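Reviewing the structure listed below.
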Amino acid sequence: MEGREPLTRPSRTTPASPRVTPALVKRPRFQTLARFWEGQDVLARWTDGLLYLGIIKKVDSAQETCLVRFEDNSQFSVLWKDIFPPAVPGKEQLCCVCNSQTCTPDNKLVHCGKCKHAYHQECHVPSVPCETDCPGSSWMCRQCVFAVATKRGGALKKGPFARSMLHMKLSLPYQLKSLEWDPLHLTNKQQCYCYCGGPGEWNMKMLQCCRCQQWFHEACTQCLSKPLLYGDRFYVFECSVCTKGPENAWRLPLGWVDVSHLVLYHLSICCKKKYFDFEREILSFVNENWDSLLLGELTDTPRSERYSHLLQALTAQKDRFISGKEIKKKKCLFGLQNRVPPPAPQNTESLLRLEEANSRTSTPCVSSLVGRMGVLRRPPHQRRIQNLEKRTRRERQKLCKALTQDVVQNPFSSHQEYLGYRGSTYNFRHTGARCLQSPPIRMFASFHPSSNTSGSVAASLQSSDIPFDVQDTQVLCETIETSGPSTASCSIPQIAIPLPSSSVSPEGGVWSESAEEGMRVLARRVTVQGAVQYLVEWEGGDIF
């Protein structure tokens, strides 16, 4: 899929959702009504920032959305702002933004050399220089530049498209101050994020700028040296709009508890299950991707010592992790108490000021185009905390409280119902492959609608010997189990990220995920003796 042209990729976009406020972009309402019709081939932007090919099946003028069917036969409702149709013959002299052909000497019509769309020089963001209208000019519009330069794992860092993208990223195609955010500043009603202005999910490989607080897709950034994990917020990131130039990113220090939480959350998103074998899956994933995790001070940890550090973190932090022994399963299995990303560090501003002070005396070792990508070190007083011995019960309680006091409690926002990511993340096809044992994960898995093929399990087994590497910012992908966005015939309940705490059973297990074991809970009761009993329907139809 990554080897094809960006304009012919398999398609994806925002799933069906209730009434959504249109994004604040330069696209008038009357103009979009005439550009979309049933059967039209379009490009739709997905929550990962990439464009995918689809066909419009239905136009909904009331909600300003289109039902789009993609190449994998899945269908999703997409906002007009995230749909990009081809140029219509006969309308080459109409601006695709204002739908007008009126020109002035200072505001002429220019045509994109790739998509053939026409823009007024002032309608395009950023504005187009006058010399672009000269004969023989190969000017490309913002949408085409992003379609070519964006990639999973990070956008292009070298070449003419990378330079053009950096120029485009100095301004946003929407008004940032007009977006309506939730209290935690994780989602907005307009579904408008990043430089591209497309939809997004903050916990699905996105970075938040520490200055403007906007979220940016991994695929649209040019400063990352390694691909992101799902839920990874251990970065201090500055966007190109705030720096007025290349982006900057610094890796924050991680502890063993953070590493364990991050890896478990990433695996749960990729494999769509809760419990993982410690040696065969968790430890194997950490060892295989050790250099790509960018662990800072922990990078020098010998391979022989990682086992004990990870196991101690998983067994000691019972408020975050749950073992199979606690729910009468294998004791070598571990999962998350609640499927939420690890909490973001709260002292990023002070670390950023420290890094800025250090950067004045040192020179970045990367080019000016891709910005800076560094690793922040822990202050000396924080390093000593790791060596303290928990001598008394009171000290253990204080340390536990300090480690968990900044955990975001139920970061679900009321605006997330507009994103549709209740279905896009965990709405997958139920197949017999889910009962198979998954091999050790050797690469960062990719989660996208076009990966819902029945042969994905066999493909992953055949590709398990491929070493992890990132070349030209393309991420090698490996799916352990089948996944698909269209689940009209699937009986698995939709689960939102983060998972509400009310779905946790008395024994610590999340019953809404029991479909992964081939069973479904129908009822629950408490006997006179106080025992909790469940009425369970197994996959074969038997009820116990």
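One-based numbering along the chain as shown.
Note: Cβ is positioned from N, Cα and C throughout, glycine not excepted.
All annotation found in TrEMBL is predicted automatically rather than curated by experts.
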If TrEMBL is the reference, give me the range from 1-21, 379-399 marked as region 'Disordered'.
1-21
Just to confirm my parser: what is the rounded mean pLDDT across the domain 'PHD-type' (92-147)?
85
Count up the helix, strand and coil residues in the domain 'PHD-type' (92-147) according to DSSP, in that order.
10 helix, 9 strand, 37 coil
